[in-house]
Amino acid sequence: MTSPHPGTAAAVTTTPAVPWWGVLSAWLATRVLALVVWGLFELEATGDVLYYHRRIGEMFAGAGLSATLVEYPTPVVWLLSLPWLAGGGSQAGYLAGFVVAMLALDAWLTVLLHRSSARSTAVLFWVGFVPLLGPLTLLRFDMVPAVLAGVALLLVARRPAPAGALVGVGAAVKLWPALLVPALLGDRRRRGRVLLGFFGAGAGLALLSLVAGGAERLFSPLTWQSDRGLQVESVWATPVMLWHLLSPELHTIGMSRYQAFEVFGPHVAGWTSAADLSMLVGLAVMALLFVRTWRRGAASPLAAAAVMTAVVACMIVTNKTLSPQYVLWLGGPVAVLVQQVTSRPVPRRTSQAVVRLALGTLVLAALTHLVYPVLYSAIVYDPPGPAQTAAVLVLAVRNAGLVALTVVSVALAWRVTEGPAAPAPGRR
């Protein structure tokens, strides 16, 4: 196909349009498969949901909001109360309600991706990404910020205020999505409405949280996160975990009071400090991308999706904590990136970078599924031996892949924020 502009490739069209019933069939089949895998092989992934049920029950029994799930923002407690109320307080009802809610969010993004493009590459990416990461995706509320980020990107060109509000809700649930809103500010004519939606939703929920739980409860998630140690799965724990294979007597792995498996021993403090320093570097990179986005001053959904993907990747690799569900955060923005390059002509280098990102994200989802829950017991419980060695090496490969994906995503975001933006669809 002839490029419409020099150096520009036609939109990636490797996947023809799939009718709605085909997408629905694929979605149902893969979600049923995920549920079967969960029920037969991965019931240990249910632990967090049972923990939510227990703590919400204690709150309704008299513990109070200020003492409930203090590691999470207050709106999370309200969110996690819904399946408790819907299920009548029973454990089975809570579990069913939680999974149904996550499936509903998953289906929402699936429908929007299918409707947003004449091609089906983006929606098939999302349909495949979720089960590759495993049943865990339906058993953690990280599905909420992942879907809200993707939907915000799909809406921002035509409905900027709701897009900003969705990011505001995501920030109220998980804090880190607050860093995503600058990615939506590339169009100077829509900035005010994006910010109005963001601050309206975010500030409104913060005020309600302050009134309901008080100042100490409002800020408790920040204190909780800052005091945590080096989690075994984090990128910055990788050197220590590899060292542990060679000299297992030097380090111990155990559950910390923050309900996460952390590594303890020589030089752990140094690697924790390195993680903290890398977070500052990551924030500086994000700031540069935000400045470039702001200075462009024109709409570019592709640039917004690229910057958002880079921000999420930076957040993951620079964090001293890394849980498997964090990889879910990448799904929404990467799906919209794929939607962008399959919907309109883009430079060939850009389309190739997006293909690499999408394929890399799928591989990382599968590797993360191996890390947790398949190999997790070998990592944190097994004595030194072949099983633990193999498991830690898979973890190291996954973490190296996360670093590589971050480099590719930042390079892509830098490239697409160069020069003036192309007009958004519907604008001339």
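Glycine too: its Cβ is placed from the backbone N, Cα and C atoms.
Note that the structure is predicted; figures quoted are calculated from it, not measured.
Per TrEMBL, transmembrane segment is recorded for 20-41 (among others). Long-range contacts of the transmembrane segment (20-41) within the same chain, counting only residues at least 6 positions beyond its ends with a Cβ under 8 Å from a Cβ of the stretch, are 99, 103, 106-107, 110, 114, 120, 123-124, 127-128, 130-131, 134-135, 137-139.
Distant neighbours of the transmembrane segment (62-86): 52-53, 55-56, 93-98, 101, 141, 144, 169, 172-175, 205, 208-209, 212-214, 216-218, 220-221, 224-225, 258-259; these residues of the same chain sit at least 6 beyond its ends, with a Cβ under 8 Å from one of its Cβ atoms. If you look up TrEMBL, you'll see 62-86 (among others) marked as transmembrane segment.
What TrEMBL lists as transmembrane segment is 92-111 (among others).
The transmembrane segment annotation in TrEMBL covers 123-141 (among others).
Residues 73, 75-76, 79, 141-142, 144-145, 148-149, 151-153, 155, 191, 193-203, 205-206, 209, 221-222, 225, 286, 289-290, 293-294, 304-305, 307-308, 311-312, 315 of the same chain sit 6 or more residues outside the transmembrane segment (161-185) yet have a Cβ under 8 Å from a Cβ within it. Residues or ranges marked as transmembrane segment by TrEMBL: 161-185 (among others).
Residues of the same chain lying 6 or more positions beyond the ends of the transmembrane segment (194-215) and with a Cβ under 8 Å from any Cβ of it are 65-66, 73-75, 156, 160-169, 171-172, 178, 181, 184-185. Per TrEMBL, transmembrane segment is recorded for 194-215 (among others).
If you look up TrEMBL, you'll see 268-291 (among others) marked as transmembrane segment.
The feature transmembrane segment is assigned by TrEMBL to 298-318 (among others).
The transmembrane segment annotation in TrEMBL covers 353-372 (among others).
Among the features that TrEMBL reports, transmembrane segment is placed at 392-414 (among others). Through the fold, the transmembrane segment (392-414) approaches residues 232-235, 238, 241-242, 244-245, 285, 289, 292, 303, 306-307, 309-310, 313-314, 316-317, 327, 330, 350, 353-354, 356-357, 360-361, 363-364, 367-368, 370-371, 375, 379 of its own chain, all at least 6 residues removed from its boundaries and within a Cβ separation under 8 Å.
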Paired segments the transmembrane segment (268-291) and the transmembrane segment (92-111) in contact, 3+ CB pairs under 8 A: no
Intrachain residues whose Cβ lies under 8 Å of the transmembrane segment (298-318), provided they are six or more past its termini: 149, 153, 156-157, 176, 179-180, 182-184, 186-190, 235, 275, 278-279, 281-283, 285-286, 289-290, 326-327, 329-330, 333-334, 336-337, 340-341, 346, 350, 357, 399, 402-403, 405-406, 409-410, 412-413, 416-417, 420-425, 427
